[in-house]
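Report on the following structure.
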């Protein structure tokens with residue numbers, strides 16, 4: 001039998017309600033099982049991102065609440081710290097409260113991961129997705 005630890009978490013009501021809908025839709029026996037699956041997926045994603053090496057090109061997509069204190073300024077300052085990686089950015093207004101930025105990057109994978117981690121950890125950032133590819137000449141044949 002696997003050792004289990006009991007934990008407690010606080011979630012916004014709407015986030016939990018949406019999660020519960022998915023639990024029911026997918027037929028999970030319990031919230032605990034769904035949370036375990038979600039944590040496993042997160043760990044797999046984390047390991048994949050942190051195993052990347054070499055020269056890469058890709059996008060970092062960021063959704064944030066632009067009303068959150070200084071989030072736009074913090075994101076801009078972080079991007080300026082990594083200007084050698086950033087090829088271009090696209091900014092889009094999603095609704096009255098939220099914006100999306102897509103940052104095109106090219107450079108060393110470890111630096112791209114570092115930039116992604118810094119953007120992800122900012123208060124007001126709701127979601128970050130890193131997509132990377134091997135630049136043209138480096139694609140295995």
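Each Cβ is built from the backbone N, Cα and C atoms, and glycine gets one as well.
Among the features that Swiss-Prot reports, Ni(2+) binding site is placed at 80, 91, 93, 99.
Structure with Swiss-Prot features highlighted.
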{"residue": "80", "record": "Ni(2+) binding site", "DSSP (3 states)": "helix"}
{"residue": "91", "record": "Ni(2+) binding site", "DSSP (3 states)": "strand"}
{"residue": "99", "record": "Ni(2+) binding site", "DSSP (3 states)": "strand"}
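The Cβ neighbour count for residue 93 (Ni(2+) binding site), using a 10 Å radius and every protein chain shown, is 10.
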